[in-house]
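The structure appears below as C-alpha cells.
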Amino acid sequence: MDHFLYRDGVLFAEDVPVPEIAAAVGTPFYVYSVATLTRHVRLFDEGLAGLPHLICYSMKANSNQAVVKLMGDLGAGVDVVSGGEYARAKAAGIPGERIVFSGVGKTREEMRMALEGGVRQINLESEPEMRALSEVAAAMGVTVPVAVRVNPDVDARTHEKIATGKSENKFGIPISRASEVYAEVAAMPGLEVVGIDVHIGSQLTDLQPYRDAYSLVASLTKQLRAEGHAITRLDLGGGLGIPYERSNAAPPLPTEYCDVVRETVGDLGCEIEIEPGRLIAGNAGLLVARVIYVKEGEGRRFLILDSAMNDLVRPSMYGAYHDIVPVAEPAAGVDYAPYDVVGPVCESGDTFAKGRMLPPLSEDDLVAFRSAGAYGAVMASEYNTRPLVPEVLVGGDQFDVIRARPSFDEIVRRDKVPAWL
Ligand SMILES: Cc1ncc(COP(=O)(O)O)c(C=O)c1O
Ligand SMILES: N[C@@H](CCCC[NH3+])C(=O)O
C-alpha cells in the first residue's frame, strides 16, 4: 500500500494534491512519501521482531539525503557501495556502527574512508580485496569486522541484469570455496571475521530462491563455526520485489519474506542484517510528467511527455513496466485507447511503454509513473542536457524540494573550457 491515492478527482501525495506540487516546482519531478517509506521500514522491523536484527537500507535505491536521514531517524542502518554513499550516510548522521560497506570493487581509498569514519562491517567479495583491506587496516593499526559475500549459485528468477547469485555473476566467492577463504581471512592481520554475507539479486518475486540461498548459509554457518570462526552476524542482502504491474500476482510480502528468514536461519543465534532497497523506496515515489504533445503517427498515437529515459531509465534499460496514470482521475466509463508513451530524447529507445491503454489525454495534462521511488532519480542522467529532475518529499500536508532542478546556466558553467583552447 502506498500513499498516492485519488481524492476529489485528483491524485494526492499523502495530503497534498499532485498538481499543487507541479505548480510549485514545474515538471517533471519525483515525489516521495514519508508515510510510505516509514511503513515499509516498519514492516520489516515487525516481520523480524524477536530476532536481533538491523535493517540496512540499501541506499543505492534512493540516496537522497532526506531519505537517508529519514532511514536513520527510523533506527535503520544503511548498506553503502561507494565512497560517495558512505559520505552520504555520514552526512545524514548515520553512526558508523550502522553502516555496512558492500560492493565488488572497493578501492583502498574507500576502505580508508570507512575505517577512519567508522563502519559496522565490510563485506568482502574476493581474495585480492581481502588482502587490500588487511593491508589498509594493518597500516592504520585497526581491526575491522568483516563478512565474506558468498555466491550460492542460486537462480533468483529475476531479470538477468539484476541477478547476482549465480556462479557466472561477478559477485562474491563461490560458496564451495568458503571454508578455504574464511581460513585465509582469519589469518590476515587487521581483519576480524564476524559473519557471512549473501545477496542473490533484485526484484525477486518468488521466495524459493531465498529459501535455497539462506538454507545454504545456515549450513555454512554451522560448518564455519565448527572450523573455529565466530559467526555472529548474517547479512542476508536485499532484493525483495515490488508489484510494478498491479494486474500481476502480488509478490511476497515483507512478512512472508521475514518468515523465510526465521525458518532458515532464525535458530542460529545470529544477528540478522537485511539490505532492502527497492521494497522500501520503490512504491514510495512517483515520477510526475506533463504531456507536451499528442502526436498521431501511422497507426499509432504517441504521448510525448516532458520526462524521458534520462529521468527514468528502467523501461529502456530493462524493458521494465511502470504503471502510468493520469493525475486527473479518469471519469467512470471513459474509453481507454492505446498510446506509445515516449520522451523527447533523440533515441527510439526513449520509450516508456508501447500500446499502453490510457484514458483520453491532451497537451498539458499531468501523468504519474508509479513505483518510481527506487532506481529512478539515482539512475538519472543529463543526457541531451536535460537538467536532473527535482525531488520533492511529502509528509502529511507539507512538502519540500529535497533536490532542486539545476538551471541551464548552472549546467553550462559546471564545465570548464581551458584557457588555452
Ligand atoms: C549487496 C546488495 N544489497 C542490497 C541490494 C538491494 O536490492 P533491492 O533494492 O532489490 O532490495 C542490492 C541490489 O541489488 C545489492 O547489490
Ligand atoms: N537498477 C536496478 C536494480 C539494481 C539492483 C542493484 N543491486 C533496477 O532498476 O531494477
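Note: Cβ is positioned from N, Cα and C throughout, glycine not excepted.
Feature list (source: TrEMBL):
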type	residues	note
ACT_SITE	C346	active site, proton donor
BINDING	G239, E275, P276, G277, R278, Y375	pyridoxal 5'-phosphate binding site
BINDING	R278, R314, Y318, E347, Y375	substrate binding site
DOMAIN	29-373	domain 'Orn/DAP/Arg decarboxylase 2 C-terminal'
DOMAIN	35-281	domain 'Orn/DAP/Arg decarboxylase 2 N-terminal'
MOD_RES	K60	N6-(pyridoxal phosphate)lysine
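Here the candidates are the recorded positions K60, R314, Y318, E347. The one whose C-alpha lies nearest to that of G239 (pyridoxal 5'-phosphate binding site) is K60. Within 10 Å of R278 (pyridoxal 5'-phosphate binding site), judged by CA to CA distance, lie the following recorded positions from the set K60, R314, Y318: K60. Within 10 Å of Y375 (pyridoxal 5'-phosphate binding site), counting C-alpha to C-alpha distances, fall the following of the binding-site residues R314, Y318, E347: R314. Within 10 Å of the residue listed as 'N6-(pyridoxal phosphate)lysine', counting CA to CA, the recorded positions G277, Y318, C346, E347 contribute G277. Among the recorded positions listed (P276, C346, Y375), P276 have a CB atom closer than 6 Å to some atom of ligand 1, in sequence order. Take the Cα of G277 (pyridoxal 5'-phosphate binding site) and measure to each of the recorded positions R314, Y318, C346, E347: the nearest one is R314. Mean model confidence for the domain 'Orn/DAP/Arg decarboxylase 2 C-terminal' (29-373) is a pLDDT of 96. Using a 10 Å radius centred on the Cβ of E275 (pyridoxal 5'-phosphate binding site) and all shown protein chains, the other Cβ atoms total 25. When secondary structure is read from DSSP and collapsed to three states, K60 (N6-(pyridoxal phosphate)lysine) falls in the helix class. Residues G239, E275, P276, G277, R278, Y375 make up the record's pyridoxal 5'-phosphate site, and a Cβ search at 8 Å around their centroid adds S58, K60, A61, S202, G238, L240, L279, I280, A281, A374 from the same chain. The DSSP secondary structure for P276 (pyridoxal 5'-phosphate binding site) is coil.
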